[in-house]
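Taken straight from Swiss-Prot:
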- 1-35: region 'Disordered' (REGION)
- 11-20: compositional bias 'Basic and acidic residues' (COMPBIAS)
- 84-104: transmembrane segment (TRANSMEM)
- N112: N-linked glycosylation site (CARBOHYD)
- 120-140: transmembrane segment (TRANSMEM)
- 147-167: transmembrane segment (TRANSMEM)
- 182-202: transmembrane segment (TRANSMEM)
- 218-238: transmembrane segment (TRANSMEM)
- 261-281: transmembrane segment (TRANSMEM)
- N329: N-linked glycosylation site (CARBOHYD)
- 371-391: transmembrane segment (TRANSMEM)
- 428-448: transmembrane segment (TRANSMEM)
- 477-497: transmembrane segment (TRANSMEM)
- 512-532: transmembrane segment (TRANSMEM)
- 538-558: transmembrane segment (TRANSMEM)
- 583-603: transmembrane segment (TRANSMEM)
Amino acid sequence: MTGSIGQAPAIDKRDFDINRRSSTPHETAAQEDEALLHSRPRSRLSVGNRFSDNDDGLLSDVVEEIVERDRQRMRREVVRVGSFVWGVITCLGAGSITAFSLYGPLLLTRLNYTQLRVNEVSIAAGISMYLPVSLAGYLCDRYSPSPLTLFAGIAFGLGYSLAAFVYKSGPPPDAGGNGWPFWVMVVAFIAIGVATCSMYLAAVTTCAKNFGRGKHKGIILAVPIAAFGLSGMWQSQVGTYFLCERLKDSNCGDVDVYKYFLFLAILLLTIGVIGTFALRIVDDEEEKYIDEAVEELERSGLLAESEFFRPRSEVQAAYGTFSDDHEDNGSVDDQSVTISEELREAARREKEREEEERRKKNWLLNYETRIFLADHTMWWLALGFFLVTGPGEAYLNNLGTIVQTLNLDTTAIVDSHPAGLPSTHVTIIALTSTIARLLTGSLSDLFAPTARRHFTVDQETAGPDPFTKQRPALSRLAFLIPSALLLSLGFLLLASPLPTHHPELSHLTTALVGLGYGSIFSLVPIIISVVWGVENFGTNWGIVAMFPAAGAAMWGVIYSRAYQSAADGSPTDDGQCHGWKCFGFWSIGCTFSVWVAIVAWLVAWTSWRRRGVVV
């Protein structure tokens with residue numbers, strides 16, 4: 001009770017604790033507080049209970065639970081970061097096929113292959129690298145990247161070992177030699193292509209699922225994709241300067257293809273075995289993405305139409321409950337159930353829950369695959385990707401012979417030639433594509449508008465998100481289309497007469513192709529993850545990534561036909577082609593192909609803007 005103004009408040013008897021000891025003048029404040037804590041009644045929940053020796057069990061349990069939760073969170077973070085690091089290392093090795101131009105010309109001169117046969121080898125690798133991508137993505141989404149990584153390591157080891165022995169055996173019988181048949185080399189590169197696809201997708205999917213919902217998803221995906229492009233650079237340098245054929249003066253000549261193939265076989269087998277244990281998807285993140293997607297489908301009303309799912313509210317109301325008969329006899333049953341029966345019941349419920357979660361995941365991923373395939377914008381995006389990657393892949397695979405056509409003499413390529421070494425061009429395209437991938441990934445994160453999922457009942461009439469208008473932003477298509485223009489500029493320069501008169505310009509052509517091609521390969525999977533989500537990313541990206549197989553095969557055949565036709569009409573008898581006619585018309589066709597791809601992407605972009613889909 002309070003007294004009058006200016007007076008100290010009066011103490012009522014109800015404010016006084018009868019259990020409190022009276023303090024003596026010699027008692028310290030700490031001792032007085034301790035006495036106060038022990039003077040509280042035991043029957044009340046008070047702070048004193050926490051300090052008593054008999055009642056600290058609850059506090060200890062809470063502390064242990066917090067420590068264990070923090071330990072699990074730290075363990076998950078270590079797994080997430082470790083998987084990302086090994087995913088980047090995996091991609092640094094998986095892109096070995098990008099160094100094909102390093103040894104492609106030697107297949108012409110050492111094994112007496114025709115240009116068409118060399119392209120058949122590269123096309124076999126390209127088709128086998130792209131066609132199984134959807135299957136590999138499906139396996140990553142439904143199961144785990146680990147088995148796929150082990151399979152990739154074994155396939156790499158077998159493929160490169162087989163290719164090494166085919167090369168060492170010499171020209172095949174139908175080319176005037178006693179070596180292994182040509183089809184064995186094709187089989188070897190089919191295995192290499194499948195392994196490339198599996199290892200690359202396992203690494204990228206792991207990174208996408210572990211970091212796919214963060215604000216830095218662009219750079220997280222760009223780093224392993226850039227590492228994939230860098231693999232051709234460092235591997236070609238190792239082959240050129242360490243695994244080379246020694247000349248009489250102890251200098252390096254051409255790459256020793258036999259040793260180079262064996263080196264790749266051992267390296268990639270090791271990466272695959274380690275990746276079996278290192279590439280892991282954090283379960284909590286994947287379950288969170290699945291649950292969020294299911295909840296969004298429920299809100300949109302689409303999930304209620306499914307024969308598989310009931311509304312979540314009904315499931316929660318029925319989950320863990322029993323019928324009225326069980327409730328009436330609950331007390332009797334509780335007394336009769338033994339501990340072992342309770343454990344069996346708990347295990348059964350846990351198994352049922354896991355089965356339900358697995359069925360939910362499979363249903364959702366299948367449903368999202370159907371949505372993805374039914375979306376016409378996906379086909380416009382894939383068409384543009386087909387028209388762009390075909391010329392890009394053909395340029396990468398035939399870079400070695402393109403460089404040779406610009407050297408008008410028939411001697412071996414040396415540093416003094418203005419067109420440069422094939423390994424130099426492989427390095428240029430690897431560096432420029434890596435820089436482009438990292439820049440576009442980081443810049444798209446910085447300037448792209450905030451993405452949102454677009455599971456709506458009427459996607460075509462859905463308005464734009466008002467939140468995205470609050471700040472200036474650049475769509476990822478604003479980066480994709482200029483990248484395609486850079487790629488077309490590279491082919492346009494190659495189609496002009498300038499490179500034949502100034503072979504040093506071939507370095508600029510390679511740089512432009514690397515910048516454009518690298519940016520496109522970085523942005524397209526990022527766009528897929530933004531528009532259609534990361535829950536089914538492996539399958540969705542795998543479907544789109546199949547299209548370059550047809551494009552690479554088509555433009556590779558066109559190039560080899562033009563090259564061989566020009567070589568047959570050449571006055572020299574070295575079986576090689578020199579001059580503009582070897583690649584000129586092919587380059588013009590590649591330029592127009594990229595321009596048509598830009599139109600296809602503009603159509604997709606227009607549709608996304610009309611829907612309100614933020615890209």
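A Cβ is built for glycine as well, from the same backbone N, Cα and C atoms used for every other residue.
With Cβ pairs under 8 Å as the measure, the transmembrane segment (477-497) is packed most heavily against 371-391, out of 182-202, 371-391, 538-558. Within the same chain, the residues at least 6 positions away from N112 (N-linked glycosylation site) whose Cβ sits under 8 Å from its Cβ are P171, P172, A175, G176, G177, listed in sequence order.
Ranking 120-140, 428-448, 538-558 by CB pairs under 8 A with the transmembrane segment (371-391) puts 538-558 at the top. It is 120-140 that, among the stretches 120-140, 218-238, 261-281, 583-603, forms the most Cβ pairs under 8 Å with the transmembrane segment (538-558).
The stretch with the most CB contacts under 8 Å to the transmembrane segment (218-238), chosen from 120-140, 261-281, 428-448, 512-532, is 428-448. Packing against the transmembrane segment (512-532) from elsewhere in the chain are residues 204, 208, 212, 217-218, 221-222, 225-226, 229, 368, 371-372, 375, 377-378, 381, 385, 388-389, 392, 395-396, 428-437, 439-441, 444, 448, 451, 454, 476-477, 479-480, 483-491, 493, 540-541, 544, 594, 608, 613-615: each is 6 or more residues past its ends and has a CB under 8 Å from a CB in it. Residues 97, 100, 104, 107, 113, 147-148, 185-186, 189-194, 196-198, 201-202, 205-206, 393, 397-398, 537-543, 545-549, 552-553, 556-557, 560 of the same chain lie 6 or more positions beyond the ends of the transmembrane segment (120-140) yet place their CB under 8 Å from a CB of it. Counting only same-chain residues 6+ beyond the ends of the transmembrane segment (261-281), those with a CB under 8 A from a CB of the stretch are 79, 82-83, 86-87, 89-90, 93-94, 96, 144-147, 149-154, 156-161, 163-164, 167, 195, 199, 202-203, 205-206, 209-210, 235, 238-239, 243.
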